[in-house]
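The disulfide bond annotation in Swiss-Prot covers C97-C189 and rests on sequence analysis. Look at Swiss-Prot and you will find N5, N195, N265 tagged as N-linked glycosylation site. If you look up Swiss-Prot, you'll see 1-25, 80-100, 159-195, 260-272 marked as topological domain 'Extracellular', on the strength of sequence analysis. The topological domain 'Cytoplasmic' annotation in Swiss-Prot covers 50-57, 121-139, 220-236, 293-312. Under the heading transmembrane segment, Swiss-Prot lists 26-49, 58-79, 101-120, 140-158, 196-219, 237-259, 273-292.
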Amino acid sequence: MDQKNGSSFTGFILLGFSDRPQLELVLFVVLLIFYIFTLLGNKTIIVLSHLDPHLHTPMYFFFSNLSFLDLCYTTGIVPQLLVNLRGADKSISYGGCVVQLYISLGLGSTECVLLGVMVFDRYAAVCRPLHYTVVMHPCLYVLMASTSWVIGFANSLLQTVLILLLTLCGRNKLEHFLCEVPPLLKLACVDTTMNESELFFVSVIILLVPVALIIFSYSQIVRAVMRIKLATGQRKVFGTCGSHLTVVSLFYGTAIYAYLQPGNNYSQDQGKFISLFYTIITPMINPLIYTLRNKDVKGALKKVLWKNYDSR
């Protein structure tokens, strides 16, 4: 990212929500609470999945991966955002912006792929219960999770390098609360059609392919559940599927809005509010929806708490 006159940027100013000073205080309090709950919820899942042998299953392996991912994702964004919301200095160094772009995009892309991979585990458990242990072999689910991380950070590396190659017009004010590809493209003083086309193509793969897999898998799960005679069993599965789909829709829907629309239609003002959903809100909701309401997790939590209490 070089200026048109050949000199290099020393940093950027993250304008964020500075045009709404009254909103900044409200956002600071709300986002701080969200961040605390995100830390507590996701750390709980990781610790319980490690400590309780009953949770050493493919499903909880994926859940602990998702929790670790969300923990890193929010920690790479929220502290900087909180400082900017309450401080006068809203700048971020050039290096800091590059690192934030690479890490946040890598983790976000990984989550897109991982959520698509995770639904295969649910599909195998509901639609192929007799073959589940054979299908979800440890080598397979470790490979699936690892592939998600590799794809996510490979995409991030590509996008970061392409952004670094852009020539900027001397403007260093970013209409966002973090360094993200769409607002950075707005600072370029060269034609970004190729960048936007490449970003659109890759985003289709990263976003829409997992969405298609999720829709297909859940349609098969619904068909399998409809064969269950017990109404209580149907209600339980439909309730779980419904809550999962709600979170998935929120995450993918907002990410699709940010990355799969033409650059000339992209509203930076709307974009930063939309980004709050997939960067902060869904990482907080994920542990509540996927695991903390689960009977196995509640049982594991009680065991750990009682064990600590008895040891005193």
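Yeah, the Cβs are placed from backbone N, Cα and C, and that goes for glycine too.
Shown on the structure are the features that Swiss-Prot records.
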residue: C97; record: disulfide bond; DSSP class: helix
residue: C189; record: disulfide bond; DSSP class: coil
residue: N195; record: N-linked glycosylation site; DSSP class: helix
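The DSSP breakdown of the topological domain 'Cytoplasmic' (121-139), given as helix, strand and coil counts, is 16 helix, 0 strand, 3 coil. Same-chain residues lying 6 or more positions outside the topological domain 'Cytoplasmic' (121-139) and placing a CB less than 8 Å from one of its CB atoms are 58-59, 62, 217, 220-221, 224-225, 237, 244. If you take every residue in the topological domain 'Extracellular' (159-195) and average the pLDDT, you get 88.
Counting in whole angstrom, C97 (disulfide bond) lies 19 from N195 (N-linked glycosylation site) by their C-alpha atoms.
For the disulfide-bonded residues given as C97, C189, the lowest number of other CB atoms within 10 Å of the residue's CB is seen at C189. In this chain, the transmembrane segment (273-292) lies in contact with the transmembrane segment (26-49); the count of Cβ pairs under 8 Å, excluding pairs fewer than 6 apart in sequence, is at least 3. By the Cβ criterion (under 8 Å, sequence separation of 6 or more), the transmembrane segment (237-259) is not in contact with the transmembrane segment (58-79), since fewer than 3 such pairs are found.
Highlighted: of the candidate stretches 58-79, 196-219, 273-292, 58-79 has the greatest count of Cβ pairs under 8 Å to the transmembrane segment (140-158). Taking only the Cα positions, the spacing between C189 (disulfide bond) and N195 (N-linked glycosylation site) is 13 angstrom.
Stretch with the most C-beta contacts under 8 angstroms to the transmembrane segment (273-292), considering only 58-79, 101-120, 196-219: 58-79. When other Cβ atoms within 10 Å of the Cβ of N195 (N-linked glycosylation site) are tallied across all protein chains shown, the result is 20.
Within its own chain, the transmembrane segment (58-79) has Cβ neighbours under 8 Å at 31, 34-35, 38-39, 41-43, 45-46, 49-50, 100, 103-104, 107-108, 110-111, 114-115, 117-118, 121-122, 125, 136, 138, 141-142, 145, 148, 177-178, 279-280, 282-284, 286-287, 290-291, 296, counting only residues six or more beyond its boundaries. Long-range neighbours of the topological domain 'Extracellular' (80-100) within the same chain, counting only residues 6 or more positions beyond its ends whose Cβ lies under 8 Å from a Cβ of the stretch, are 1, 8-18, 24-25, 27-28, 31-32, 35, 160, 164, 177-179. Tertiary proximity for the topological domain 'Cytoplasmic' (50-57) is limited to same-chain residues at least six positions away from its ends with a CB under 8 Å from its CB atoms, namely 64, 296-297, 299-300, 303-304.
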